[in-house]
Every structure is written in structure tokens, then in C-alpha cells.
Amino acid sequence: MDPLSVTASIIAVVTLTGQVISYLNDVRSAPKTRARFAKEAANVQCLLISLRYHLDESTPEDLWFKEVRKLTVENGPIDQFRLAIEQLMTKVEPKAGLKKVGETLLWKLNEKDVEEILSRIERLKSIIQIAIQMDHVKLSQAIKKDTAVISQSIMDLTQNVDAIHQKQKGQFHREVLNWLSGSDFAAQQSDYISKRQEGTGLWFINSPKFAEWLHGSKHTLFCPGIPGAGKTMIASIVTDHLWKAYQEDDIGVAYLYCNYKRGDEQKAVNLLAVILKQLVQERPSLPDSVGDLYTLHGKRGTRPSFDELSNSLRSVLRNYSRVFIIIDALDECTNDDGTRNTLLSEIRSLQVQTDVRLMVTSRNISNITQLFEDDLCLRIYASDEDVEQYLEGRMSRQATPILQNPDLRQRISKSILGAIGGMFLLARLHMDSLIHKPTVKAIKKALAKLSTGEEALNKAYEGAKERIEIQSEESCDLAKNLISWILCAQRPLTTRELQHALAVEPGERQLDEENIPDLALMLSVCAGLVTLDEESKIIRFVHYTTQDYFERIQTSWLPHISAYISLTCTTYLSFDAFTSGRASHDKEFEDRLAQNPFLDYAARYWASHVGRVEDKVKEVVLTFLSDKSLVSCAFQVMSAERYKYPYRGYSQAMAERVTALHLLAGWGLEDWLTYVLKDVVDADSKDSEGRTPLSWAAEYGYKEIVEILLAQDDVEADSKDNEGRTPLSRAVGYGQEEIVEILLAQDDVEADSKDNKGRTPLSRAAAYGHEEIVRTLLAQDDVEADSKDNEGRTPLSRAAENGYKEIVRTLLAQDDVEADSKDNEGRTPLSFAAAEGYKEIVEILLAQDDVEADLKDNEGRTPLSFAVGYGQEEIVEILLAQDDVKADSKDNEGRTPLSRAAAYGHEEIVRTLLAQDDVEADSKDNKGRTPLSWAAARGREDIVKILLAQDDVEADSKDNEGRTPLSWAAEQGHRKIVDLLT
């Protein structure tokens with residue numbers, strides 16, 4: 001080891017020690033130990049610096065140098081001290097600001113821990129002091145004596161630090177997973193598998209088709225089945241089987257249970273997030289790609305896009321040799337917005353690149369079955385063996401003595417098996433109809449009447465309905481109310497939510513706890529048609545066909561269901577507990593939701609249930625709307641759902657001074673708005689954000705409400721809010737084409753109005769990709785196609801940055817649009833498109849005569865520099881092919897594209913640039929740093945190897961501060977690179 005290597009090791013420890021001192025000095029209200037700790041660490045730092053300068057004056061041949069070198073060998077005193085400091089730094093390094101470090105360091109270490117560290121520092125001081133005295137004999141003896149002591153101390157400290165570090169990592173891991181998706185279907189899986197009769201489903205697991213799917217060349221297994229065949233149970237059995245079969249392997253399992261009642265939640269982007277979450281939580285550590293997503297979006301309250309999730313998922317899949325994905329009830333996955341096709345297309349794409357095996361269950365629906373014509377197919381049905389085991393289990397668990405008769409049990413099994421036609425659900429319903437029969441004769445009579453054929457299921461439901469109706473009036477009413485909620489609820493309701501909803505009494509201003517029904521009673525009065533999922537605490541119908549049945553008879557059997565639901569929600573929102581208005585902070589808001597379980601549902605879905613004006617609820621609704629405090633409370637809950645992944649202050653992130661008109665306009669309640677307008681003094685009232693009811697209605701696309709409001713004399717069609725945005729601007733932002741047309745037809749609406757950021761409706765339409773609106777706005781005489789906002793950016797610049805090539809073409813076709821327009825930072829549309837990697841847009845712009853391919857911005861950076869910085873390999877190739885592009889162009893910092901590619905770790909781009917004749921591999925920037933220096937400092941090992949292989953690269957080049965690539969690598973602790981450079 002030469003003097004340079006020894007010096008580099010010492011520099012690295014000096015730097016780390018300096019960081020610890022800095023953290024300690026930033027701590028407020030710390031123990032007195034802090035000062036002592038900082039003082040001793042500073043002493044070590046000074047001694048190390050002194051030792052470094054002694055080394056500068058020595059040669060490898062000196063006996064003293066040979067002994068000093070032992071200080072820095074692997075596991076030597078300095079190396080062990082460095083390791084301890086590094087581990088402490090890793091554990092306590094702040095996530096947001098340096099002050100947190102000192103708190104974490106001192107509060108995590110007790111007095112004994114601190115004394116051990118101080119003792120070790122003292123020993124290291126003694127050794128260094130001997131070294132500085134230039135006595136190589138004493139130094140040798142001190143090193144030998146101390147090494148063993150330090151090693152044990154470091155080992156003990158390492159174990160403590162690692163334990164705390166692992167705990168913190170686990171907490172962060174869970175935090176990221178919860179952010180990624182609020183659900184992972186674990187509760188459903190547990191519920192389904194807990195209801196499995198032991199031994200059922202083995203016919204499926206043991207089938208040749210299933211084995212072929214597991215191990216063969218065809219990676220998709222389609223499993224159709226009639227309604228009630230047991231598809232969901234088979235999906236849960238397969239999931240459980242895969243977990244147990246591959247728990248020790250690098251094989252992942254993900255699963256989805258689609259539910260038509262959760263269509264709003266189960267969008268393609270959300271389902272993909274669930275798959276990603278399930279696969280990530282199987283890994284021992286959090287993948288970087290997921291951590292990066294959280295860093296980008298988590299603290300800002302934003303959500304990752306489908307593409308971002310897709311890229312992260314592909315990265316995670318590389319950690320697995322094989323992944324199984326099970327999707328149950330694909331037919332219940334909506335395709336109105338393309339969710340089903342988008343999800344399947346993504347998984348099919350994954351299958352091309354990795355070993356992803358997909359199993360799908362669904363009803364036999366032609367537009368779904370045709371998607372799997374070339375795949376393995378295994379029909380799901382209720383096998384006789386499974387049904388017999390299920391029936392035997394049900395009868396064994398019954399306390400009724402007559403059901404313990406073996407002959408009768410055999411007769412029951414045989415009769416039900418002959419009646420169900422492969423439908424497991426029918427077996428369950430038939431058993432429900434038998435278990436309460438009082439005599440053997442009654443059971444035999446019922447068996448003789450078991451329905452069969454196509455109408456069997458409907459007749460079974462009719463029988464259950466009759467059993468509900470012959471109960472007492474109170475029990476029948478409870479059953480009907482409970483069924484009404486499950487039937488009409490916009491999302492599944494938990495037991496507590498349902499109990500509170502059922503306890504609401506019209507006209508009362510608070511909930512009477514004594515009116516809350518017993519859970520067991522709720523389940524028992526519904527004749528087996530509802531079930532409780534124990535894990536999720538959700539009460540649901542036993543099957544989706546139950547929902548279909550009650551929807552068919554709703555008008556005749558539950559004629560007042562709409563008024564009942566509306567009245568319950570509005571009454572609950574009008575309770576005295578909410579007359580204080582909105583909660584003033586997050587904890588108060590969360591406490592309110594916890595203390596009032598039905599508030600979240602009542603507020604969020606009030607608009608869905610109130611709908612049209614009904615006489616039975618009119619008075620209650622109008623009373624609620626006339627109370628500003630009640631409206632404010634409800635609106636806070638309604639809006640907080642938009643911030644589903646809470647951050648500090650999320651409960652206050654919505655407008656205040658919201659009126660009834662705002663509420664009705666924003667939620668599309670046209671009939672109620674018309675009714676309320678009769679008595680409203682100000683139809684154009686503004687909330688705390690300066691927005692009017694018209695602004696809300698325009699944003700959400702409620703055409704009829706927009707027209708009603710525009711017809712009011714006191715409504716200003718072009719009113720600006722606090723951000724300077726008009727109703728037109730809001731409608732454009734959300735792509736509301738019809739509303740845009742209506743507003744542009746108003747005489748007082750300015751089509752090119754600028755907001756506080758200088759942005760026009762055209763600017764936003766171009767940025768958000770609304771092609772038709774862009775064309776509509778360009779057709780207006782007063783719209784400037786190349787208008788610049790406060791950042792100097794044009795609509796073309798925004799469209800290019802976001803990848804909307806058709807809008808780019810449309811704008812370039814305008815005579816007054818400058819294709820190479822610079823913004824305030826000197827960046828052009830080409831610069832933005834290059835940075836984001838939009839190949840087609842880059843090619844479109846390069847084809848324009850007035851576009852300069854190598855134009856520099858205010859920092860001297862070219863489109864090539866940005867493409868390199870963002871790792872856009874394809875764009876780099878395209879730009880380098882242009883005659884006027886300089887591959888080695890320097891920016892204002894003197895940095896070349898190669899310098900940035902080396903620093904950012906873009907290996908392929910480094911190779912591409914080095915292949916250019918005019919690229920200088922060892923070019924120095926204004927700080928005297930070379931590409932090698934940047935790569936070494938950032939830990940880019942492969943790029944360091946590439947650069948060292950170049951003839952003109954000086955491995956030991958010094959920058960303006962006299963620092964070499966080795967010095968940078970050592971300081972950052974990149975050991976492998978240090979080895980390469982020495």
C-alpha cells in the first residue's frame with residue numbers, strides 16, 4: 001500500500017468524523033454527554049489530520065511508515081473505527097434535516113453505550129499520538145495490544161446498531177407498503193381459506209392441466225365456471241397452495257379478488273399497485289425502485305402513474321425466478337374505462353419478458369373467454385367429492401340431533417348432489433333451508449321439493465326470502481334494512497358502519513347506543529343470504545347472484561329503499577356532534593371519524609344516494625343544506641378522501657367557506673341545486689379559494705348545472721379564483737370538452753385569459769394532452785398559439801415535455817408558433833422532449849427548419865446534455881447523428897455530456913460517447929474534475945473500469961483542490977473503486 005492509499009483511508013475517516021461532529025453540534029436540548037462526545041471526536045479528527053501530513057513527508061521504505069500502514073489495513077484500528085462510524089451514520093442519518101441525527105444518535109444510546117464509544121476513541125487517540133511521535137517500536141506494540149480489544153467493542157456496537165437499524169428499516173418498509181396500496185386482499189384470502197372444508201379443491205390442484213400450468217411452456221390458465229361453481233374458493237385454495245409449495249424459493253405469488261361493488265377502487269393503476277405491494281412484501285428488503293417512487297410521491301401526497309408502477313414492477317420481477325398471479329372474478333373487473341383490458345395487457349407484456357404465470361377465473365362470458373382462446377383452460381365446477389365433504393362438515397357442526405342420523409345425512413347429501421348441477425352455491429342455500437327444519441319428515445318433504453334446472457337458484461332465493469318474511473315484524477324489518485344497505489352501498493360496509501346505519505332514527509339529532517343491533521342477530525335474520533368476513537369485518541351477500549336477485553325484486557320488495565338510504569345518511573350528517581363545523585386539525589378529524597363510524601360513508605356517498613328530490617327526505621336535506629357548519633363538516637370528510645394517503649395537514653387541504661351551492665354543483669345534484677336556487681341570495685358566492693359553484697361544476701363536467709348557473713343574473717361566467725383561474729381554465733384542466741364549448745359561447749368569457757402563473761387555457765390543454773380542446777381553442781380568434789407564461793414557456797414546450805405528439809404537430813402547424821422558442825431558463829421544446837425521452841417528438845422537432853439541435857440554455861446545457869443526464873439512450877443516438885451537435889460540448893460549469901453520464905451511472909451512454917471522435921475522455925470541468933473523478937465519487941464501478949481502459953485517461957489526475965479520483969472514492973467509502981484505483 002503506497003502513501004496515497006494510506007492517506008485516502010485516513011481522509012475518509014476524517015470526513016466521517018467531521019459529519020458526526022456536525023450532527024452533534026446541531027442537537028438542541030441534548031444530554032451533557034453530547035459535548036464530551038463532540039470534543040473527543042474532534043480531538044481524534046485533529047490527530048488524524050496531523051498523521052496525514054506526517055505521511056505526506058514519508059516514503060514506503062521508512063520503518064515508521066510500515067507500522068503506520070498497519071493502522072489502515074482491513075480490520076485494523078482505523079478501519080474498525082471507520083466501520084463503527086459508518087454504521088452509526090447509516091442508522092442515524094437524517095431523512096429530513098441534520099438535526100434529527102443527533103437526537104437519534106444520543107437518544108438511542110444509553111450511558112453505557114456512550115462510555116464504550118468514548119473509551120474506544122481514547123484508545124485510538126493513544127495509538128495515533130504514538131504514531132505521530134515517529135516511534136515505530138511502541139506503535140507496533142500498541143497496535144497488537146489494542147486490535148483485539150477494539151474488535152470486540154466494535155462487534156458489540158455493530159450488533160446493537162444493526163438491531164436498531166433493522167427495526168427502523170422494517171418500520172420504513174411497512175410505511176412504504178401501506179402507502180403503495182391501502183389493500184392487498186390479505187383479509188379476503190384469510191376469510192376465504194378459513195371457510196374451506198378440509199380436503200376440498202384437491203381435484204383442481206391434482207389435475208394435469210394445473211400441473212402443466214405450474215411447470216409447462218404455457219403460462220396462462222383460464223378457469224371459467226358457472227355462477228356459484230366455487231371459483232373464488234378455488235382461487236383462494238390455489239393461492240394458499242402456491243404459498244406453501246414455494247415458501248422457501250425465489251418464487252413470488254400475487255393475487256387479486258375482483259369485486260363489482262368496488263369498481264371505483266379497483267382501477268387498473270390500483271390493482272397494479274396491489275400486485276407490486278404483494279411481491280415487494282415478500283422480499284427481505286425494500287427494492288430501490290419502490291423506495292424511489294415513495295421518495296418522489298409519498299411526502300407530496302401524490303400517487304404514482306400506471307407507467308411508473310409498471311417500471312417498478314418490472315424491476316422487482318428481476319428478483320424472482322418465477323411469479324404466479326391469480327386473478328379471481330375477472331368478469332367483475334370493470335372494463336368501462338378499460339381497466340380489465342389494461343391490466344391484462346400489462347400482465348401479458350410482463351409474460352414476454354419474465355416467467356410470469358397467470359391464472360384467471362371468470363364466468364363464461366364470450367368477450368372474456370375469447371381473450372384466452374390460445375391458453376390452457378380448466379373449467380371450475382362443484383365436484384361431487386367437494387360437495388359431499390362440505391355437506392358432511394355442515395351437518396357435523398349442527399347441534400340438531402336429527403342431523404346426526406347417518407341414513408338421513410346420506411339422503412340429504414344424495415338429494416342435494418342431484419339438484420345442484422355443479423353449483424356449489426346451491427348446495428349452501430339448500431342446506432340453509434334444511435338446518436332449521438324441526439323433524440325428519442319436514443326435512444324429507446323439503447328434499448322432495450328441492451328445485452333443479454335453470455330456475456333452481458332463483459327458487460332457492462325465493463325460499464330464503466319467504467323465510468325472512470315469516471319472522472317477527474322487527475326481525476323482518478331488520479333483515480330488509482340490512483339487505484337494503486348491502487344492496488345499495490357504494491362500497492362494502494364494515495360491521496360497525498352497518499350497525500350505526502341501522503341504529504339511525506329519523507328526526508333524532510344523535511345516535512342512541514341502545515338502538516345498535518346485535519351482530520349475531522343481524523346475520524341470523526337474513527336466512528343465510530349474508531355472511532361476515534371475519535378478517536375484514538365486512539358483511540356482504542353470500543354471492544354476487546344474491547345481489548342480482550334483490551336488484552330484480554327491489555321495486556316490489558323494497559319500494560322505499562332509496563328514501564330510506566337517503567334519509568339515514570342525511571340524518572346522520574345532521575347530528576349535533578357535527579354542528580361545530582370542520583375539524584381544526586388532523587387528530588381532531590381522525591378522532592371524529594373513529595367516534596362516528598358511519599360518518600365517512602354518509603359524507604362520501606351522500607350525493608350518490610340523495611340524487612333526486614323526494615318528498616320523504618326533502619325537509620331533512622334542506623335543513624342540512626341550510627346549516628353552514630354541517631355542510632362544512634360533511635365537505636371536509638368528502639374531500640379528505642381525495643387525500644387517501646395522509647400527510648401532515650391533509651385534513652385542512654380543502655377549501656373553507658363552502659356553501660350548499662358549492663356542494664350541489666361539485667357533486668352534480670342538479671335537481672337539488674334548482675330547488676335551492678329559489679331561495680339563494682348569491683349564486684356566485686366564493687369559497688376560501690375564490691372559486692364559485694360554476695367553477696366547481698365546470699371542473700367536474702356537470703353540463704346541466706353549468707347551464708343552470710350561467711342562466712342566473714348574478715353569475716359571472718369568467719370569474720377568477722385566487723389562482724387567477726376561470727371556470728374555463730378549470731374545465732380545460734380536466735378535459736371537459738362540452739363545458740369548454742358552452743363557456744366559449746358566452747360573450748364575457750376570455751378564451752386566452754391568463755392566470756397568476758401566466759398560463760392560458762391553451763397552455764393547460766397542451767400540457768394535459770387534451771387534443772380536441774387544443775383544436776377548439778386554436779379556432780378562437782383571440783387565442784395566441786405561442787403565448788408565454790411566467791416561466792417563459794409556450795403551449796408547445798408543455799406538450800413536448802409531457803409527450804403529446806399530436807398536440808405538438810397541431811401547434812407546429814400554426815403560423816405564429818416558434819418551434820425553438822426559449823423559456824426563461826433558455827430551454828427549448830426540444831430540450832424538454834430530449835430529457836423526457838420522447839423519441840417521436842424529438843424527431844418531429846428536429847425536422848423543423850428553425851430548430852437548432854445543439855442550442856444551449858442559460859446554463860450552457862444542450863438537448864444532448866439533458867438526454868444524457870436523464871439516461872435517454874435512444875435520444876442520445878438520435879442527437880449524435882445530427883451534423884450540428886457537438887458530442888463534447890461544455891456547459892457553464894465546464895462539464896461535458898460524458899462527465900454527466902459518468903456521474904449519473906449511464907453506462908451505455910458512456911460507451912456511446914467514448915466512441916465519438918471528438919469526445920475527450922479526460923476532459924476537466926471548471927473545478928478541474930474529470931469524468932473519472934465524478935464516477936469514482938458516485939460509486940460507478942463499471943464506468944470507472946471503462947474510463948480506466950481509455951489510453952488518454954489519467955487515473956491520478958488532480959482537481960483544483962488537489963483531490964484525485966482515489967481521494968473522492970475513499971471519502972465516500974467506495975472500497976471496490978479504491979481497489980481499482982490503487
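In case you wondered, yes, glycine gets a Cβ from its N, Cα and C as well.
All annotation found in TrEMBL is predicted automatically rather than curated by experts.
Residues or ranges marked as domain 'NACHT' in TrEMBL: 219-363.
Residues annotated as repeat 'ANK' in TrEMBL: 689-710 (among others). Across the residues of the repeat 'ANK' (689-710), the predicted structure has a mean pLDDT of 97.
Taking DSSP states H, G and I as helix and E and B as strand, the repeat 'ANK' (723-744) has 15 helix, 0 strand, 7 coil. Taken from TrEMBL, the feature repeat 'ANK' covers 723-744 (among others).
Residues or ranges marked as repeat 'ANK' by TrEMBL: 757-790 (among others).
Using a Cβ-Cβ cut-off under 8 Å and counting only residues 6 or more beyond its ends in the same chain, the repeat 'ANK' (791-824) has close neighbours at 757-758, 760, 762-763, 765-769, 771, 774-775, 778, 784-785, 830, 832-833, 835-836, 838, 840-841, 844-845, 848, 850-852, 855, 857. Per TrEMBL, the feature repeat 'ANK' maps to 791-824 (among others).
The repeat 'ANK' feature in TrEMBL is assigned to 825-846 (among others). Outside the repeat 'ANK' (825-846), and at least 6 residues removed from its termini, the chain residues within Cβ reach (under 8 Å) are 791-792, 794, 796-797, 799-803, 805, 808-809, 812, 819, 852-853, 855-859, 861-864, 866-867, 869-870, 872, 874-875, 878-879, 882.
Across the repeat 'ANK' (859-880), DSSP assigns 15 helix, 0 strand, 7 coil. Residues or ranges marked as repeat 'ANK' in TrEMBL: 859-880 (among others).
The repeat 'ANK' annotation in TrEMBL covers 893-926 (among others). Sequence-distant contacts of the repeat 'ANK' (893-926) (same chain, six or more residues past either end, CB-CB distance under 8 Å): 859-860, 862, 864-865, 868-869, 871, 873, 876-877, 880, 886-887, 932, 934-935, 937-938, 940, 942-943, 946-947, 950, 952-954, 957, 959.
Summarising the annotation, TrEMBL assigns repeat 'ANK' to 927-948 (among others).
Residues annotated as repeat 'ANK' in TrEMBL: 961-982 (among others).
If you look at the repeat 'ANK' (757-790), the same-chain residues 6 or more away from its ends with a CB under 8 A from one of its CBs are 723-724, 726, 728-729, 732-733, 735, 737, 740-741, 744, 750-751, 796, 798-799, 801-802, 804, 806-807, 810-811, 814, 816-818, 821, 823. Residue counts for the repeat 'ANK' (791-824) under DSSP (helix as H, G, I; strand as E, B; rest coil) come to 16 helix, 0 strand, 18 coil. Same-chain neighbours of the repeat 'ANK' (961-982): 1-2, 4-5, 7-9, 11-12, 15-16, 86, 927-928, 930, 932-933, 935-939, 941, 944-945, 948, 955, counting only residues six or more beyond its ends whose CB sits under 8 Å from a CB of the stretch.
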